[in-house]
Amino acid sequence: MATAAATSASEPEAESKAGPKADGEEDEVKAARTRRKVLSRAVAAATYKTMGPGWDQQEEGVSESDGDEYAMASSAESSPGEYEWEYDEEEEKNQLEIERLEEQLSINVYDYNCHVDLIRLLRLEGELTKVRMARQKMSEIFPLTEELWLEWLHDEISMAQDGLDREHVYDLFEKAVKDYICPNIWLEYGQYSVGGIGQKGGLEKVRSVFERALSSVGLHMSKGLALWEAYREFESAIVEAARLEKVHSLFRRQLAIPLYDMEATFAEYEEWSEDPIPESVIQNYNKALQQLEKYKPYEEALLQAEAPRLAEYQAYIDFEMKIGDPARIQLIFERALVENCLVPDLWIRYSQYLDRQLKVKDLVLSVHNRAIRNCPWTVALWSRYLLAMERHGVDHQVISVTFEKALNAGFIQATDYVEIWQAYLDYLRRRVDFKQDSSKELEELRAAFTRALEYLKQEVEERFNESGDPSCVIMQNWARIEARLCNNMQKARELWDSIMTRGNAKYANMWLEYYNLERAHGDTQHCRKALHRAVQCTSDYPEHVCEVLLTMERTEGSLEDWDIAVQKTETRLARVNEQRMKAAEKEAALVQQEEEKAEQRKRARAEKKALKKKKKIRGPEKRGADEDDEKEWGDDEEEQPSKRRRVENSIPAAGETQNVEVAPGPAGKCAAVDVEPPSKQKEKAASLKRDMPKVLHDSSKDSITVFVSNLPYSMQEPDAKLRPLFEACGEVVQIRPIFSNRGDFRGYCYVEFKEEKSALQALEMDRKSVEGRPMFVSPCVDKSKNPDFKVFRYSTSLEKHKLFISGLPFSCTKEELEEICKAHGTVKDLRLVTNRAGKPKGLAYVEYENESQASQAVMKMDGMTIKENVIKVAISNPPQRKVPEKPETRKAPGGPTLLPQTYGARGKGRTQLSLLPRALQRPGAAAPQAENGPAAAPAVAAPAATEAPKMSNADFAKLFLRK
């Protein structure tokens, strides 16, 4: 009734917008009728739902004049000719897009978004037959959401004319309620069935639909109430006395279930019932109220959380599992899957509960089927489905067809194909009656083993560059079946020969597995032969294989066999020991070379450090000489042209020019003339320092401040450049760029906002390109108080919906790569990896909407050539970052306990190298980490009891003059 009210309320609004009719109104209406095609169908569907089959004869229906008025109002702003031209252009554009989508689906039928876009465009163009076919194809591959089903049902209801059409709509409703638990679809189903109450068996049909709806979603605490009320209203409308008991029954059933607004339902029952409410009903009602209080925390948690609310649903499921009510457990699983239909673990848990507890064939198989339609890339769901079908006696042909679908599902790992083949082969093996020498089932099993090996070699190995079965598990199982169940050791030996030729001959466990099979089902001769081959080929544990051979000969062999075994084992072990010694010598030589290189680097650093110290010692004398010769500085420069003095802070201020003239010197070199003396240069540098404002950081404003780094050093006026960027996030109070003492921009700054939410929004601008470099935006955190604080905005774990692409050409742009990736699904995000200078590294991360699209993109794009570069595409799974171990004390051999070296925040600087031998080092206090730059090196105690007095610069100058 709400829909009818909304429809009738919109009519006067449309009339008021239409206004008086003009002379050219008929042309305008004709031009606008196509524009309102979709809207009129939607209104018709909603009106049909509310009014029943005879809606077009009622006064409240949407008449053609109403539609004309709406069309006139819609087209009042433009002339007929202009609108017709715009519409033709839009229609042509839509047709091209429809053709593109159809072609894309012919290539990849599992592209979910292409299906949705095609249905939307076909519906917009009014292609009713085509849109019905498109929906049918999509529903065969994917489960449809509640919105897609309701849209489809409304369109079909609007076109239904007779009883046959009504049966077709009933069939659609039956399919719709099987995909997900949808209270709204059940409500629509019940209301639509009421419209057919006049047909034969109509009343029973309505009651059947409502009863099934209550069984499915009647326990839904927040949405089940609407179904109960709709059912009661229907029964109340039937005024026969015999029907009153049915209404009583509905009230009593509803009041015994914990639902929201139970008090209002109880009050309504008291008002409706002429007789006093029975005591048993009141007791059930009070019990339901108590249960409601237990469920409320979980329901409120769902209301407060945002979709998909997986954690809240998991907690709710755990609670229901403890109570153990199968109906409520099934309901909460179904509710969780509506929002988390792409979570394989949730489907596995649900199907596992049904397999072990309920064991109802139709229910179990239905859930398994829905699971593989939602998550076709998860091999565990397929293997569980095969087991469930076998458990419930499904026909062999159906199971085989399901297995073929699994092979085309697009698994993301080679091992997944091995697992699904294993599940299918196990099923085929259980069908065989091995008491018979030959049977159809046995031949089918052998053919399946042969096909599995060919499939893994041709299909899987070409796609993933690996078979997924390095240990040849499938061939081992086949060999066991032939040996133990078929008594065919000849075939088993052939299989094991093939296993060994695939790189497994060097492993002792493989030979021992073969030996045990021969021991159980073969003969001594073949056992001895297998062990002799194992002794010659095994490289990982040859001693163990030799021991097994000697043990067998000790119990079963002759003297000659014993002598041969001893000779072979001794020869083999001697060769193995020789190889190990050579490998150890080679390893030792490499270690020695590394130590020599390290020693050379250490000496070079020591020499460099000593030279640096000498220069520091000569510093005071040089400065003194410079001060004494300031007046004759120009003459000294001419007399000693080989000496070059460092001019500090010689960068001129803005608007000034440097007063330096350059003249050609001897041998083509340039000699500077008319250069200011150092005293004037120092004065200029001091003035520059005074001009640079000191930046004082207020730590109390860290929550509204962000730290911006990796900016170009050449950026002029950072405040003016950055302010427009960050004002998009909110009001900027201040931008504090950091300059060096010479006035150079240091590439980072602080941006202070007025509100905290603006600062949080600014963090999303991290890695935004500014003058060709990625700008880093991070929270403002005092690292002296939080030394371990790090911000990495990207996940470092397995993300099945995200791809990692390597080998890209450096010239490939984001737009070009996005255009390539769009062909395989909806791209939510694409990130080209760059260095700090903004140069591409040939790597990229592409995030798709779901795991299915990502797996399809891997299969299609891996090995693709882009601008003569062959790219590699894989599911994003970054390696674990190395976490520095906690420092531990270590003890030198024969010496004192040594504390671990402590370095600053920037690692190990060259000036921290200690030239004191480790044996003489004493443990000292660990130096604190510095905020910027390395921490001070730990002090080393001198051998003397008292510390020597510090020497001044003059003392060092005297020592230097004594030389």
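Just so you know, glycine gets a Cβ as well, placed from its N, Cα and C.
Record note: among 97-104, 497-504, 601-608, 737-744, 601-608 is the stretch given as motif 'Nuclear localization signal' by Swiss-Prot. Of the listed segments 419-452, 487-520, Swiss-Prot assigns region 'Required for interaction with USP4' to 487-520. Of the listed segments 21-46, 151-176, 177-202, 255-280, Swiss-Prot assigns coiled coil to 21-46. Checking the ranges 82-110, 662-690, 778-806 against Swiss-Prot, the coiled coil annotation falls on 82-110.
When Cβ-Cβ distances below 8 Å are used as the criterion, the region 'Required for interaction with USP4' (487-520) is approached by residues 470-472, 475-476, 478-480, 526-527, 530-531, 533-534, 537-542, 544-545, 548 of the same chain, each at least six residues removed from its ends. Mean model confidence of the region 'Required for nuclear localization' (600-670) amounts to 53 (pLDDT, 0 to 100 scale).
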